Amino acid sequence: MRRIVIAGNWKMHKTQADSLAFLNGFLPQLETTPEQREVILCSPFTALTSLSKTLHGSRAMVGAQNIHWETSGAYTGEVSGEMLTELGVRYVIVGHSERRQYFGETDKTVNLRLKAAQASGLTPILCVGETKEQRDAGETETHVVGQIEKALAGVDQSKLIIAYEPIWAIGTGDTCASDEANRVCWLIRSQLANKDVPIQYGGSVKPGNVDEIMAQPDIDGALVGGASLEAETFARIVNYVS
Ligand code: PEP
């Protein structure tokens with residue numbers, strides 16, 4: 001049985017106070033969430049400590065949104081794996097398209113960050129996906145397979161989550177059709193040595209489409225941006241109807 005993992009990516013949203021207000025509304029709604037669903041909240045660095053303290057002993061786990069590949073050093077603005085695990089962080093998003101687009105993230109640095117995450121005991125959530133131009137040119141498959149190959153060179157596949165996130169569907173409200181998303185997730189799985197790696201879909205997941213997305217055989221979860229910011233909305237996604 002493959003794991004089911006639903007993760008919220010808060011991006012650069014929520015102060016500590018906002019995060020705690022979210023949990024007040026969200027945690028009670030996890031009481032009926034089926035046990036086999038893993039729930040992760042990936043907050044900005046500044047809210048990790050309070051999230052971690054409040055979530056201790058609860059169903060939800062804490063994730064970060066970036067990690068540096070070195071353990072320490074002159075890397076202003078970066079954070080190491082040890083700094084994250086010390087706070088109770090268990091997961092980290094690596095290679096999100098916003099980091100690739102705005103912060104110069106490359107397949108090489110994604111690969112280094114994945115290895116650093118695993119070396120410090122974190123489970124990385126590797127994001128891959130094509131642009132609209134690549135999709136229109138029929139290059140989705142070659143692009144995504146290329147990203148997977150480069151990102152996973154020398155990476156342990158036993159402690160890994162992958163998120164297929166078509167860039168044209170992120171934050172646009174324009175969801176990828178569930179059968180198209182499933183086809184790419186299947187393709188990703190076919191490239192993996194470990195067929196049990198959970199593969200999420202991400203891109204405008206919301207209460208209105210999550211049931212259909214999660215019904216697809218090769219989609220094992222969701223990485224959710226905008227719709228993870230509001231407790232009721234994210235709770236409905238986590239408690240999707242199967
Ligand atoms: C994301 O940030 O990974 C994402 C999928 O965002 P959204 O759900 O808002 O499209």
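Glycine is no exception: its Cβ is also placed from the backbone N, Cα and C atoms.
Residues or ranges marked as active site, electrophile in TrEMBL: HIS96. The secondary structure of HIS96 (active site, electrophile), as reduced to three states from DSSP, is coil rather than helix or strand. Close to HIS96 (active site, electrophile) in the fold, though at least 6 residues off in sequence, lie ASN9, GLN65, GLU105, CYS127, GLU165, each with a CB less than 8 Å from its CB.
According to TrEMBL, the feature active site, proton acceptor maps to GLU165. A coil conformation is recorded for GLU165 (active site, proton acceptor) in the three-state DSSP classification, outside any helix or strand. Around GLU165 (active site, proton acceptor), a 10 Å sphere centred on its CB holds 27 further CB atoms from the protein chains shown.
The substrate binding site annotation in TrEMBL covers ASN9, TRP10, LYS11, GLY171, SER204, GLY225, GLY226. On its own chain, LYS11 (substrate binding site) has PRO44, GLN65, GLU98, GLY225 as residues at least 6 apart in sequence with a Cβ closer than 8 Å to its own Cβ.
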Max CA-CA distance, Å, over listed substrate-binding residues ASN9, TRP10, LYS11, GLY171, SER204, GLY225, GLY226: 14
For SER204 (substrate binding site), the number of other Cβ atoms found within 10 Å of its own Cβ: 21
In sequence order, those binding-site residues of ASN9, TRP10, GLY171, GLY225 whose CB lies under 6 Å from ligand 1: ASN9, GLY171, GLY225
Sparsest Cβ surroundings (other CB atoms within 10 Å) among the binding-site residues GLY171, GLY225, GLY226: GLY171
Chain-mates of ASN9, TRP10, LYS11, GLY171, SER204, GLY225, GLY226 with C-beta within 8 Å of site centroid, substrate: ILE170, VAL224, ALA227, SER228, LEU229
